[in-house]
Amino acid sequence: MITLFDSAKKQKIPFTPIQDNQIRLYVCGPTVYDDAHLGHARSSIVFDLWRRLFLFLGFEVVFVKNFTDIDDKIIKKSLQNNASVQEIGSHYIHSYLKDMASLGVLRADIEPKATDNLPQMCEMIQTLLHKGYAYEGENSDIYLRIHKDKNYGALSQRLEQSHTQSRIQNAQDKLEHNDFALWKGYKGENDIAYDSPFGKGRPGWHIECSAMIEKHLAYQNEEYGIDIHAGGSDLLFPHHENEASQTRCATGREIAKYWLHNGFVNINGEKMSKSLGNSFFIKDALKVYDGEILRNYLLGVHYRLALNFNEEDLLQSKKRLDKLYRLKKRVIESHIQSPQITREEIKQFTHNIKETAKEAHKTFLSSLVEALSDDYNISKALSIIEDMLSTSNEYLDKNPKDKAYKQAIKANLACIEFLLGLGGKSTQSYFQLGLDEKTKQEIESKIAKRQEAKAQKNYALADKLRDELKSQGIEIMDTPQGSTWEKI
């Protein structure tokens, strides 16, 4: 059984999909006016982990993540850079996808852009106008009148807008100050505009997600549009509250059966955000740390809790990943990188565990999945993995040639890779991380000279070269197939 903390009900509850064996999951993607930061990374990793778990358990998952490419900040950026809004959006979408790939985040099944879904937005706004939930102001803006939605505030338990007045545009044009914009009329040469049935303008932020869910994901004849709507906890109010309201008013049903929200990444006690100027951009972090090391760190705190970024904690968490790769090195040749793992292969792996492994391995996978199915209890899951790594190493120390046991370990590692997105590199490449190509070539050259010295029985030179490399933090391992090396 899967349990999750539903943000609407404010408690952990059992998860039951709307339709058997299917899950429709929507995650709010980035507003593409700047590079992605570690807050974006964490949110993407969190819901990538949920998606992997659902897939592992056999669900057919349709995963949608949007790009907001119409926004005040994008317009401002385009003016600053003398570039079109389309150029700004395309550039940062490409940058975002590149960063996510480096972090091992699976691509969404559908990645709609706001600019590609304007007809659906206009259609929903027309429906809201026709039903009397929306009205047009004096400046051609169209607002949702929230007091007509008797369930407004049910998701966030909030009614009052707490943002600054800068977020409340044209307050004098509203019937009530908490009414929010569905459509923003064209304001002049520094604005952008699209044709619509209500004149030139552009959509408000909230209507974008509702319209894209209706087009790409929603069930049309169910009590709820989709199974799960997810995003950062900063989106709960007003964004998700407003999404829920306008969809409810337009369609007569709730937008989602369950709501999931992840916690912030904090730097010096403040939420990481572009507007605060404390963003640790992913592209900058990747210059220092490999994406898998960042992923391993960011998934290590329960998804609903705030993560206080600390490089000491990051380096400490890397030791956990080192231990995983060292066990992998004992059972898989160092140059072999994991292939893309399918569910059928996972089924075969688990079958092998039941058929050939010791009792400890039989219970590993079920214990791991049970922990993850409990509102993604990552602390318990990592403890289970740590126990498996330690137990496996202890057993192999005494029984280094037990092939059946090694096969079971391979299966365990493959399941960890599928579920957590960790351990997919070859051990050789993992233990050589952080070195540029020039340095690697210099190391390989010294190793070749050492091999030549050994062939000529010049053991003094061979030992000297080994010592030189060791002083540089490089350890050489001699095997029947030749010499390999890793960064200590």
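Note that Cβ sites are derived from N, Cα and C of the backbone, with glycine treated the same way.
Given the ranges 30-40, 74-84, 426-436, the record in Swiss-Prot names 30-40 as motif ''HIGH' region'. When the binding-site residues Cys28, Cys209 are compared by the number of other C-beta atoms lying within 10 angstroms of their own C-beta, Cys28 comes out lowest.
Its Cβ taken as reference, Glu243 (Zn(2+) binding site) is surrounded by 26 other Cβ atoms within 10 Å in the chains shown. DSSP assigns Cys209 (Zn(2+) binding site) to a helix in the three-state reduction. On its own chain, His239 (Zn(2+) binding site) has Cys28, Trp205, His206, Cys209, Gly231 as residues at least 6 apart in sequence with a Cβ closer than 8 Å to its own Cβ. Across the motif ''HIGH' region' (30-40), the DSSP tally of helix, strand and coil residues reads 3 helix, 2 strand, 6 coil.
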